[in-house]
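Novice: One structure coming up, written as structure tokens, with questions to follow.
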Amino acid sequence: MHSNVGLAGLAGLLATASVCLSAPADQNITSDTYFYGQSPPVYPSPEGTGTGSWAAAYAKAKKFVAQLTPEEKVNLTAGTDANNGCSGNIAAIPRLNFPGLCVSDAGNGLRGTDYVSSWPSGLHVGASWNKALARQRAVQMATEFRKKGVNVLLGPVVGPLGRVAEAGRNWEGFSNDPYLSGALVYETVDGAQSVGVATCTKHYILNEQETNRNPGMEDGVEVAAVSSNIDDKTMHELYLWPFQDAVLAGSASIMCSYNRVNNSYGCQNSKTLNGLLKTELGFQGYAMTDWGAQHAGIAGANAGLDMVMPSTETWGANLTTAISNGTMDASRLDDMATRIIASWYQMNQDSDFPSPGAGMPSDMYAPHQRVIGRDASSKQTLLRGAIEGHVLVKNNHSALPLKSPQLLSVFGYDAKGPNALKQNFNWLSYSPAIQENHTLWVGGGSGANNAAYIDAPIDAIQRQAYEDGTSVLYDISSEDPEVDPTTDACLVFINSYATEGWDRPGLADNSSDTLVKNVARKCANTIVTIHNAGIRVVGEWIDHENVTAVIFAHLPGQDSGRALVELLYGRANPSGKLPYTVAKKAEDYGSLLHPSLPETPYGLFPQSDFDEGVYIDYRAFDRANITAQFEFGFGLSYTSFDYSGLQISNPKQSPQYPPSAAIQQGGNPHLWDNIVTVSAEIKNTGRVAGAEVAQLYIGIPNGPVRQLRGFEKVDVSAGETTQVQFALNRRDLSTWDVEAQQWSLQRGTYRVYVGRSSRDLPLTGSFTL
């Protein structure tokens, strides 16, 4: 909202809303007062309590803030210019030995500097389904941030969640499922902060498309940012879920998003900031704007916003003036400053932390101090992370692994490395369907990060060919290349691009599909690798008899080629699973294929109605009984696994609602009480060792037929059997009760499914609550 509304004014506000909302549907809306009341006001902004592990940090912070002048408090709340390459800076307070803060992009590696690594993207981590690996990636990636003097890592991403198939930033997040995203964001936050680098989990909340994400001008008239309109139940059960896991892990900051939520801008929305984040979830850190996402002054502060980036025109001295005239309580400013300083103490950045921005030159091409962020100890994690995010979805006639080929033919624009590797790689002012000039290892925008090197597929293949005495022919520019008929295999490389600022033009492109079909027409063993920054439909050629193997290679980071060769030659066994659903045709995504566009009467105030509720991705496909090309959770291996021995413990009989308790970070602590345990046995029935992702889905009464509620990735040697266990807590088994405003256990029969994917579930059972 553009104005601050207190609880006392709620009745009048809602009355106004009821009048406005009765306006004729064909009457163009020209004022945002029409929407007042759609996002309920929640005031005042709750003060941080220093609960749990935050107690010591809050005690120090309150003592620190008590010594500040009003101007010094204000300076903590907004970014300032600094002679460094940080994405944003908070000014120092030298007299109290506070050196300031450097905050920098992004969740997949440090951007805009040198001597750092390009890590597998969030989507790639999601495809690995590996919690331990996600944590190790976070630890080592954050260590690079620390060495460079970055206090706050602007990530990880769990918004967007992937509601819109063509959304431009889906690749930065982990998955289209809240449980998988939540499990991985927990490990990422916990891992990064274990080395003293604060995370800024983003984009809070409902930032599900890039189209109209910011206000803009249309024929000289301002068009507001898109409003994501959602009900309370869907908010909790889908989009808030992974943010709750991030808060539970202790995320030091949360970035509010550009879009509007129920027609109130995300960074001045008192319901989402004061109500959900700070009250219900017990968030102890600070809420930071996305860059340029501040659209109100004092109203934003009262709504729960704590920090503006990269600078502000509406706060500054206006905050102290507002306190003087009573528009804002002095306690609100104290709380803003306390939350920021408490997070600094919570990360132990007051002791032995590099100077903010020490390794972040403002100009990489001017003389600057060499600060090495990389470390040799991260090599294994970089490579393993790159390997495990590849998903093998087709492997007819055991085309893979390759078997001592004498001749390989390599085709496709995605096989080669870039012609130049520079600062701010992949920041484009548009979104092409493909990156046609080189292999794709990261998406575009602020999530794109600098690489120490790029190991392209063609380079890695030729290194292996040298070792094996294999001949390699290649044509990486032609759409209809010639093929030597004696070749053992044709390796075709294509990609699917996505970037911040733009939604994708489609889920496939004609040029790449034509290339695959042309090669397959001439080559009986065509193996396709797709570096995809999101869902890529393959219906044009997936059933071609000469397309023998297909790999969704996602965005593996700088070790792209090296990782791929490990898989192609069988030194590594594919273990990735799809973190999204691949449809047979794009139209199967229905209304969630494209972003929402402005329509009459809301042309000046674009609306995106989340009226599908929780039914996105596999939930939607299950509900409509649509057969997917490759379902959520699907992925092949060079071995095979059998499932048996399903066991379900006697559930702990529990009250419908969680017992009352003081809110901790993450919410009511009883949400994490275990109710029931499920276990199963997995046997490797093949000839080689492999890793399997065992997946648990639960059918909650009165909910979707199946929802992911557990997964474990286990290594199993050939012929061996291992057991997996899934502990189900109260939140896992609850639905959101809108009237009671509580998580509610349902009375009835819960269905249990365990297996290889969301639609390959050989073990079934049930229990009753």
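Numbers here mean position along the shown chain, with the first residue as 1.
From the backbone N, Cα and C atoms, a Cβ is placed for every residue, glycine too.
For Asp290, the entry in Swiss-Prot reads active site, with the evidence type similarity to another entry. According to Swiss-Prot, the feature N-linked glycosylation site maps to Asn28, Asn75, Asn262, Asn318, Asn325, Asn396, Asn437, Asn510, Asn546, Asn625, an assignment based on sequence analysis. According to Swiss-Prot, the feature signal peptide maps to 1-22, an assignment based on sequence analysis.
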Novice: In whole Å, how far does the CA atom of Asn318 (N-linked glycosylation site) lie from that of Asn625 (N-linked glycosylation site)?
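Specialist: Their Cα atoms are separated by 56 Å.
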Novice: Indicate the candidate from Asn28, Asn262 with the smallest number of other Cβ atoms within 10 Å of its Cβ, considering only these glycosylation sites.
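Specialist: Lowest Cβ count within 10 Å among the glycosylation sites (Asn28, Asn262) is Asn28.
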Novice: What does the structure give for the C-alpha distance between Asn262 (N-linked glycosylation site) and Asn28 (N-linked glycosylation site)? Integer Å is fine.
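Specialist: With distance taken Cα to Cα, Asn28 (N-linked glycosylation site) is 18 Å from Asn262 (N-linked glycosylation site).
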Novice: With every protein chain in view, what's the tally of Cβ atoms within 10 Å of the Cβ of Asn318 (N-linked glycosylation site), excluding that atom itself?
Specialist: 17
Novice: I'm trying to understand the geometry here, so how far is the Cα atom of Asn396 (N-linked glycosylation site) from the Cα atom of Asn546 (N-linked glycosylation site), in Å to the nearest whole number?
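Specialist: Distance between the two Cα atoms comes out at 9 Å.
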Novice: Counting other Cβ atoms within 10 Å, pick out the least crowded of the glycosylation sites Asn75, Asn325, Asn396, Asn546.
Specialist: Asn325
Novice: Using C-alpha atoms, which one of the glycosylation sites Asn28, Asn325, Asn437, Asn510, Asn625 comes nearest to Asn75 (N-linked glycosylation site)?
Specialist: Asn325
Novice: Name, in the order they occur in the sequence, the residues of the same chain whose CB lies under 8 A from the CB of Asp290 (active site) and which sit 6 or more residues away.
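Specialist: Correct list: Lys202, His203, Met255, Cys256, Ser257, Tyr258, Cys267, Met309.
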Novice: I'm trying to understand the geometry here, so how far is the Cα atom of Asn625 (N-linked glycosylation site) from the Cα atom of Asn325 (N-linked glycosylation site), in Å to the nearest whole number?
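Specialist: Spelling it out, the Cα of Asn625 (N-linked glycosylation site) and the Cα of Asn325 (N-linked glycosylation site) are 60 Å apart.
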Novice: I'd like to know which of these glycosylation sites, Asn437, Asn510, Asn625, is least surrounded, judged by other CB atoms within 10 A.
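Specialist: Among the glycosylation sites Asn437, Asn510, Asn625, the lowest count of other Cβ atoms within 10 Å belongs to Asn625.
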Novice: Using DSSP with the three-state reduction, classify Asn318 (N-linked glycosylation site) as helix, strand or coil.
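Specialist: Note: Asn318 (N-linked glycosylation site) is helical by DSSP.
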Novice: How big is the Cα-to-Cα gap, in Å, between Asn325 (N-linked glycosylation site) and Asn437 (N-linked glycosylation site)?
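Specialist: Distance between the two Cα atoms comes out at 59 Å.
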Novice: Select the closest residue to Asn28 (N-linked glycosylation site) from the following glycosylation sites, measuring between CA atoms: Asn437, Asn510, Asn546.
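Specialist: Closest by Cα: Asn510.
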Novice: Reported as an integer number of Å, what is the Cα distance between Asn546 (N-linked glycosylation site) and Asn437 (N-linked glycosylation site)?
Specialist: 26
Novice: Give me the Cα-Cα distance between Asn510 (N-linked glycosylation site) and Asn437 (N-linked glycosylation site), rounded to a whole Å.
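Specialist: For Asn510 (N-linked glycosylation site) versus Asn437 (N-linked glycosylation site), the Cα atoms are 16 Å apart.
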